[in-house]
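Enquirer: What follows is a single structure, and I will ask about it in a moment.
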Amino acid sequence: MSEADAATSAMDSAAEAAEQVWKHPVYGATDKYTPGIAPIKAEYILPKPASGSVAVVEVNDDASERLTKRALATTGDSASVTTNTSDEAPKKLKGAARKRARREEAAALAAAHRAEKKCKAGQQTQHAKKGGQNKARQFSSLKDAHGHCHGFLSRGVQGCKFAQCAQACRFSHDLVSYLEKKERDLFLPAVPHKQLDAMSHTQKMQWLQDSYSLTLLPASNTSTTASASTQQLEAQQQAQGEMTTFVRASSSAAVPPRSDLPASSDPAHASLDWSTTCPIFAVKGFCTMGWKCRFLGSHVRLVGASSLGDPLNPTGFASSGLELVRDQARMDEWRARTRAFELSHAKQSASDADQDELNFGTSDGMKAMRKRNFPLPKTKAVLKFLETETKQLADVDPHGSIAGKGPIPTSVVEEAVAVSAGANGCNGHSTAPASAAAAEAEAEDDLEELENAMRNRGLHARVAQAATTNGSIDLARIRPSEKRRLNWRGELYLAPLTTTGNLPFRRICTGYGSDIHCGEMGLAESFLHGNAAEWSLVRRHESERIFGTQLCGGKPDLLVPVAEALKAEVGDGLDFVDINCGCPIDLVFNKGAGSALLDHPTKLSKIVRGMNAVLGDTPLTIKLRTGTGAKQTTHKIFAKAQTEWRVAAATLHGRSRKQRYKNDADWGYIATCANTLRESVSEWNESSRFADEPEMVPIPVYGNGDVYSWQDYYERIERTHVDGEMIARGALIKPWLFTEIKERRDWDISSRERLDMMRKFAEYGLTHWGSDTHGVNTTRRFMCEMMSFTHRYVPTGLLEFLPSRLNDRPPLFRGRDELETLLASSNAQDWVKLTEMFLGKPPQEWSFTPKHKSSSYSTDDAAEQQG
């Protein structure tokens, strides 16, 4: 071999070695960049505050006030402690008195030591307020219409079955008294939604310039009402406090100001703002909240006087002098819209055309779950099969280290369904939840026979074979039901984000280009109890092209029935179901769920195989971490995830449970796990045991961790050869990251564009949670939750060095304009002020406590709790 060839070979070996040890990008220090510090240009950096301006936290000494001054003054010197503070020499004690005095001195010293430790702990606690989490946060539920019938106010006579006889209803149907006490309408400028979609980039920027100011404007700029006098407006502003905003009143040519605003001095109409815009009515042509809407003036018609204005001749609905408006042309246009996802026509109801959200559980199903009699025939059969299999495997291996392989036979599920259907048919009942208890009682004998049939299906022969080969039961030849394949290659996956990954936020990400969405993590036990809040997590917007939900649980007895209930209630509304095997929080881990499943692969095997059996053709995916501690163990799960468990896709977060979000994600280990899975599939295809089986195609493997720029995304794809990447914190801080990745550019997004994103979230939130008082304040709360992450974004135009890094913390800086500076504020009160620009002033009793006490990017105690 020549010297040149030897040199080339050495270089190749070095390159291969570098590939093997690569874990994550390493960016060394330069003249413009120091790792850990965002490289902001000098002209935008603000001087550090003087040390004298930093507030000094006083230590609470209440716990030590009971001690004598002498004991407090001599905490560190035990020899000088005494209870006598006079100038005279201490009296010499003898016998029992001296022993008693020594005990008192020792007790005083111990108390002083405890007080000192408590004071230090208090100082550390005050210190920790700069980081960590605000646990046990409480959010009050604020509602209006106390004592009034909510159904009647929302849907009129169709909303209350006692509408024809109001005296029979426990709640008041007096609409006039409700309007008289109702708070004044909120003001929201009109937005030309249809025209915005057709605008060019230049036209959109002009519209943003017309709609938002870069400097503060007076509050009177946004709300001018023809029906309110100047004195009333001044009194209202004085009562609410001075408010400033960056939102201009509608001055765009696309939405000309209304000149036909009605005028009324009727006391029942004093709360109406005729110039406001209801975001629901503006899009759909009708408002689902009816009279409860906080933007009521935009969709009512003045027809005359109310019973307060003219007691003898009241007009309008319920003597209110008003009528609700329905714009038929807008409704027809809404119903004829194109959707990214819709159910088959056979599964749509008549009201689905008016809904832009799917996956509503049935009222009968939720009621049956709360009563614990929801029919679960598949679950019962599958759990019996797994129990039988476990007992027989225990004969081979008493330690329980052998797990079952392959899918559960489809005949087990089919026979269970047939038995359940036959039991219901004999009694003349359908398989409705109401008759579930009777059906289960009558089918008990048949299920016992089914269990015996399963035991006689050749399992004993397989156990004998396993005993001689030290293997486990092989059911791989039993073909599962036909699953839908997940052809994910390069799709942008938005992670399931607890609290922040709500439907309005997912709609924001859809607009920026995300492809796959997974709903917030739901607890299996709460699903089984029919908890309405938990079942709302599976809600899907029609713009979400690929959508699944994530379940968290620690036992097959919990997760398998939830999977069957989801399939029965939601059906094709879910493209996949995901199992959370990565949640690091103690509350979940201590119950054996989340990342605790990583240490129990046998139990995880039962969960996956059982859920796969009851989900039918719905794919099942898993989300994992590298392990629970420093030792990385997840590659063992990847070796069997597809070949033995039939998982449809797998996502790996490159950190352990102990790391939470500390340190960099280990993408080298992600590559190792992806290769392990593909090698296991290759071995399965080459094995003669499965020669008559269809060739297995490797499932999609996604990586997760620290993706914050398009450069990060494509570098990891190239080095690890994963099928795609899941994006979590990067999307929370800058949701437009999906656009940057697809267009391969660094987007220096303007402050006006970011404020318009807040406007969209407000509209999406009001559409999702409702435009009544409760919905407005729920939207306000989750808007603040979103800003607790978006404020961490450092504008691209302020950086000396690109790309930006997720864990780089910026020094104190100012933006290029007042609005950009406000959007970067870490003060929660500033976030509330931003919500006021679209949702009005919050009630006095409303408050927001941020989940994270600081804007730190990576701390031990302030880690985000997304699995």
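From the backbone N, Cα and C atoms, a Cβ is placed for every residue, glycine too.
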Enquirer: Out of Gln550, Gln642, Gln829, which does Swiss-Prot tie to the same FMN site as Pro496, Leu497, Thr498, Lys623, His653, Asn704, Gly705, Asp706, Ala728, Arg729?
Expert: Gln550
Enquirer: Pick from 71-94, 119-142: which range has region 'Disordered' per Swiss-Prot?
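Expert: The listed stretch tagged region 'Disordered' in Swiss-Prot is 71-94.
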Enquirer: For Asn704 (FMN binding site), what is the secondary structure state per DSSP, taken as helix, strand or coil?
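Expert: It is in a strand.
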Enquirer: Provide, as an integer number of angstrom, the distance between the C-alpha atoms of Asp706 (FMN binding site) and Cys583 (active site, proton donor).
Expert: 17
Enquirer: Of all the binding-site residues given, Thr498, Asn704, which residue's CB has the most CB neighbours within 10 A?
Expert: Asn704
Enquirer: Test of understanding: give the count of other CB atoms lying within 10 angstroms of the CB of Arg729 (FMN binding site).
Expert: 24
Enquirer: Can you give me the Cα-Cα distance between Lys623 (FMN binding site) and Cys583 (active site, proton donor) in Å, rounded to a whole number?
Expert: 9
Enquirer: Work out how many Å separate Arg729 (FMN binding site) and Cys583 (active site, proton donor) at their Cα atoms, rounded off.
Expert: 15
Enquirer: What is the Cβ neighbour count of Cys583 (active site, proton donor) at a 10 Å cut-off, with all protein chains included?
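Expert: Excluding its own Cβ, Cys583 (active site, proton donor) sees 24 Cβ atoms within 10 Å.
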Enquirer: Can you count the other CB atoms that lie within 10 A of the CB of Pro496 (FMN binding site)?
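Expert: That number is 27.
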